[in-house]
Amino acid sequence: MATTPRSGGASGTGTAQRPNGTSQNKSCQFKLVLLGESAVGKSSLVLRFVKGQFHEYQESTIGAAFLTQTICIEDTVVKFEIWDTAGQERYHSLAPMYYRGAQAAIVVYDIQNQDSFQRAKTWVKELHKQASPNIVIALAGNKADLSNIRVVEFDEAKQYAEENGLLFMETSAKTGMNVNDIFLAIAKKLPKNDGANNQGTSIRPTGTETNRPTNNCCK
Amino acid sequence: MSELKAPSLQSLLESERGSTDSLLAESLQLDFEDLDDAEFAIPPTDVLPTLEAVLSEFEADSDVASEFGMPVPHATPTPSIGEDSTIRTDGRGGGGSIMRYTLLHGISAQLSSAAERVNAGAASSCAVAAFIAIGTSHGHILNFDVTQTLRWAHQDKHGQGAVASLAFNADSTRLLAGFSRGLVAMLDTHTGDVLRELFDVITPNTGVLHVKWTSRSSLALCADAGGSVWSLSFTRKLGIRGCQSRCLFSGARGEVCAVEPLIMDSQGRHELDQYCIVALATLSKYFIVTVRPRLRVIKYHVLQGPPDCLPLLAWHLVLIQAADTSRSVDPVIVVGRGNQLFFHQLFVSNGRITLLYLRHVQLQGSLLSAHWLGPKCVASLDTAEILHLVDVRSSKELECMDMANAGLVYGSAQFKGLATGGNVSPAFALAGSNACYNSVVSRGTQLYVLGARSLHIIGVRTWSERISFLVKHHRWQEACQLALDGYIASVDRPRKRAQAKERIIMLFKEYIANSARAPEYCLGAIVNCLITVGELDLLWTQLWEKLHNSSTELFLQHISEHIEKETIHSVNPVISQALVDYWLEHSPAKLEQLILKLDWMCLDLNQVLKAVKKHRLFRAQIYLNTQALNDYTAALTELLPLVTPDETDLGNCLLVYVSSCLAGREYPSGEIPVELVHQVKHDVLRCLTSQHSKENAGDELPYPYLRALLKFDTRETLNVISLAFQEREFSNELGISHRKRIINLLLEIMSPENATWAEIGCLLNFIAQQISMQCLPRDRQLLERVLSHLAQEEIANESSRQHSERENAWHELLSSNCLAEISSDEEQLRLAEKAKCYCVVEYLLEKLERYDTILDSYIRNEARHETMFAYMERHVASPKRSIFRQLKRNLRELLTINAKETTRLLSLHYPEKINELLDNLRREENLLYLFLKCLNDRKSELEASQMELLLELYCKMESSSTVEEFLRSNSGYRLENAIAIAESHHLNRSVIYLYEKQESYAKAFELSMELLKSAAGEEAAKEAQTISALLARSVETLPAQELERCWFALLQYILPHQELQSITKSLLHEASQHIDLHNLVQLIMNTHNVSTSFGDIKDLLMGMLDSSRHKTEALRASAGALCQDLHLKFVKRYQHAHRGLWVTTTKCSMCRQRLYDHSQVLIFGGCGHGIHEQCMEESETQFEECPRCFTAIPDQSIGLPRPNKNLISISSSLEMGALQLKAPPRRFI
């Protein structure tokens, strides 16, 4: 049975309370990245998970946004460091900066938008090709509260997820359906022992060969 | 046992140093033979297992040991015992963190117990090695192990008094004990068995002061209370233990107080290992001596100090950095006396042992002891029982500790020889009152201080231990500083650096554990530590999570400072979010500065980009777009629409940004990566020149981005494009076409409907410059268009600067010969004249060599007027330039522009032409006047006619006062002509001046009177005063009668006028100086209608009376003086007439004829001789003395007309000495 996650007091500074107060609990820290087409609800999904809020008119994300949330699962405290990337095409070059070095990724699509599902498939392929081999990928079909006008069938997405070894849930940031569940499922699937070794690793977006060194020296 | 005493050390000093003595050689030979047979007891095999473990716990890390490769010396283990609160620690130096005090409670308790129960007496000496041995005043020896457990106790059975000195050998198997009555005993360290008891090895009837083992295992030294030093060679023949003693130094020649052998323990790795070296000190000197292989004095020095102070000696191996950058590990001895410490290095140089002075340290008080605590520090105990820790390298006192409560044991009894009847010298006894050689012992980095019933340890904390101490006392600031110092000091040693880093991390964890109580001011120090060692993750995770609200802000401020100083370039995303929120609230400008210095990958781009847009942080927005999004056009598409003429900051920012991008540089600093430069340039240029914006509003004009920049600042935008054209991308054929396209775009954008003529002018000038610099091909159509603009006759609102730029552009095109195909030079010349581009005209005339009209273009171009005169000056000697002809033709204009410079040129180069030029200007009086005036100002010595002409012009154009001034300052004119000119212009004052100059005062007066009569009021008064001054000046010229007439004329005019009454008095006074007063008064009385009152002429009348009285008095005085003078003369003559006659001869002194019966006789006074008057006249000389007797003739001499015979005869008889009955006449004097 998973414990209900508690929301932190401020964005980015969330700290969960230890349920039993002992210092023997393990503590894990994971980097998680959200990918998907623009306007599919990535930011709403994270906002619901971290703050329990939903904004009907969510602004487009610029570049990437950072949030943290800590949950308790069994006897382990799991801290997610979440990078919510922008889905617009102009920001596509930023994505590798964030998913490289990430332990988990949620690829989001809109069940009303077939193109977003196709885009999600493209993201999955890119992750398999360039991301960490052990990355845990979850496929999220958002806006499930509008299932009466769905375009992407549940079975089609589920079959695709099973074929590619993905976690799959249809979610609704508006109603909160399966929002916590998908993060819990990821937490359960992540290796805890290996996670403990990640306690001291860098949690910044990792550089790649295309990353330009920031040279601030005046010449 | 045979005892063979070698020659004493003192005798060697008296002989030649280094010489060998047969007796010494024999002794050495004997020792060598004995060594072959020596056998020592087998060490015990029952070593406790815990001993090694206990020792290793307290192993000190010595730099010199690790550097030299030596095994680290084992420090005596210290059980964990709480500090004694009674010990007061001074706060100086290390603040109590360097020296650590520990009381050995176990040993102290057993000492007290032994004293109480078995009457062992108070502690008197101690030695520390693998065991701790303590001797007592009643001859007991207690031996403790590292656990403070008593292993054995020994009691002297022979009544030898107190244990004066104890010494362990190198491997801690033997213990030597010296007693105050002379016994030297050797004991087994493990069992306490007595191996040797030596009663007669030192001076008889003296006590032991020191026992010391040397570097040789079978050789020890002993110093007695008589000041002698003995060597003890332990022997074992046929299983019988024995000892041979030999006197090395006799106390009779100097009493040795201190003995200190050098123990190398380097296992043969040092050159000095082959020697057995000992340091000795007396009350006045110290010696460095080799005992093996032979006895020799290496060096000695004088050691002075207070008489109640003992010398101190201590050896240690020290890493020494020499001047030639070589490093060595050599023994260093510290020698102390009084409050002085001297350091000397002992080393082998060219096969010889050398002692080198290193440094000197002076402390506050007199010293009791000096010991090394590690290779870098010396611990000194002063007479106030305060322990000072001194850093040898810096000669500074690091810390001090008060040891007064320790109950320090003094060896005064031994130095005073109390146990042997006090048979010591008084100096020895006095100095020994502060002896504590055997109660303060050092080992490794620990100092053992023996109290009467206690044993204390003072150790030097290691760097890590010091940090722990400071942490324990919550002195976080000092702990962090010390930790950083250690880390920075280990920059060249990776292993030590790693250790220091680990220690800092440990310190950080201790800080976290105590963070609830830690003061916030230490937060900066902790942050600094972690940043310096590169453990940033600890900052972002463990430290950040522990902070509260106020300390969170403090933390963010510290982090911001480090970002600004560029010690860190990236932070945790959580921190970056907090930083953004914090500085948005406090200072958005500072936030922008931080963003520009941070690695973008640690930022929440969504948060930051929205914030910078909202707060208009343009630079940060550009930075993030380019760095993070790799989008070099977003800044243009998003920000250019916001540019307005009022947004100067944004506009300038974008101009710099575009210029940087097109030049391949990052904004605001750095370089664009090489692989991206080409793409960035292309993208930026394409975006800038795009025909439609992203939004593509229906009503927007084409090329909105470029248009916006041009509208903001046309000139600077064109400058940016000009710089871009110099880049490599515009140099090839494709680049040239790009240039043309951009030029066409600019022309299309800046049409007259959308731009002002000023802006269009900037563009066309820009194009002209581009063409002239070969940056654009010569496009005939384009050039025609450019030329049509440049040649415009009239441009509305064109400023002088714009006109000048137009001229410059045209000039550049001509210089680069770009317009040759468009039109001929003649046509260009005509166009330039119409457009008033006189620089171009000038250039073309110069090119066409039409020098005769080139000056015209100079004259019309106001900006070139100064250059024009330089041009004429430069070419004045060139006939083809026709300078004079052009000067003559344009003389009027040139004089109007700069008359002074024109005149200078003409008078300097064409003086003969001046008259001709003057004739040309006859009908233009203004220019003529200007010309002449400048000539005159140059002191050109004009002719008289020219000067008069100038005067004429002055009269016409200037005021009368100016003319008058001109007349006064010049004199080249002819007076008659000048007067005529001035009169013709009715300049009466000038005429008056000229009349006066001509000395025609009468005419000047007449004219002045006319002015006076025509003036009225105040002006008349001034005029009258002027006339008065004129008449005063004419006194020497005008005849008196004429002068009086003039004055009368003036006064006759003034007196009747009521308005001139104010000056009547002064004029009358002035007149009285020059004319007769009677006539003046009569004039006043006879004048009708006199307006003055009696008061006005009162002074005049009184003056007349005074003058008359003065003259009367003067006349009377003169007459009186004259009468008195006559009276005096008469009196003298009367007296002279009544004077008696004394004649002493009857013959003339000249002719020798008789004196009487002649007409006139002169009788000389004084001598009475006489002379005929005729003879006097004939001689033609004035006698000053009598010609007969040469007596000086007095002033008075008397003449006798016709003296009778009787008078002369009677007088002469007296000369013969005859006595007369009549009274003789008086001799006049």
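Just so it is clear, glycine is given a Cβ too, placed from its N, Cα and C backbone atoms.
The following features are taken from Swiss-Prot:
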{"type": "REGION", "residues": "A:1-24", "note": "region 'Disordered'"}
{"type": "COMPBIAS", "residues": "A:13-24", "note": "compositional bias 'Polar residues'"}
{"type": "BINDING", "residues": "A:36-44, A:55-61, A:84-88, A:142-145, A:172-174", "note": "GTP binding site"}
{"type": "MOTIF", "residues": "A:58-66", "note": "motif 'Effector region'"}
{"type": "REGION", "residues": "A:194-219", "note": "region 'Disordered'"}
{"type": "COMPBIAS", "residues": "A:195-219", "note": "compositional bias 'Polar residues'"}
{"type": "LIPID", "residues": "A:Cys217", "note": "S-geranylgeranyl cysteine"}
{"type": "LIPID", "residues": "A:Cys218", "note": "S-geranylgeranyl cysteine"}
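Annotated features, which come from Swiss-Prot, shown on the structure.
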residue  : record           : DSSP (3 states)
A:Gly36  : GTP binding site : strand
A:Ser44  : GTP binding site : helix
A:Gln58  : GTP binding site : coil
A:Asp84  : GTP binding site : strand
A:Asp145 : GTP binding site : helix
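Proximity of distant same-chain residues to the motif 'Effector region' (A:58-66), defined by a Cβ-Cβ separation under 8 Å and at least 6 residues beyond the stretch ends, is recorded for 12, 38-39, 41-44, 46-47, 81-88, 91, 94, 98.
Neighbour counts were taken at the CB atom with a 10 A radius for the binding-site residues A:Ser44, A:Gln58, A:Gln88; the maximum falls on A:Ser44. Cβ packing within 10 Å was compared across the binding-site residues A:Asp84, A:Asp145, and the lowest neighbour count falls to A:Asp145.
Fewest other C-beta atoms within 10 Å: among the binding-site residues A:Gly36, A:Val40, that description fits A:Gly36.
Model confidence over the motif 'Effector region' (A:58-66) stands at 85, taken as the mean pLDDT rounded to a whole number.
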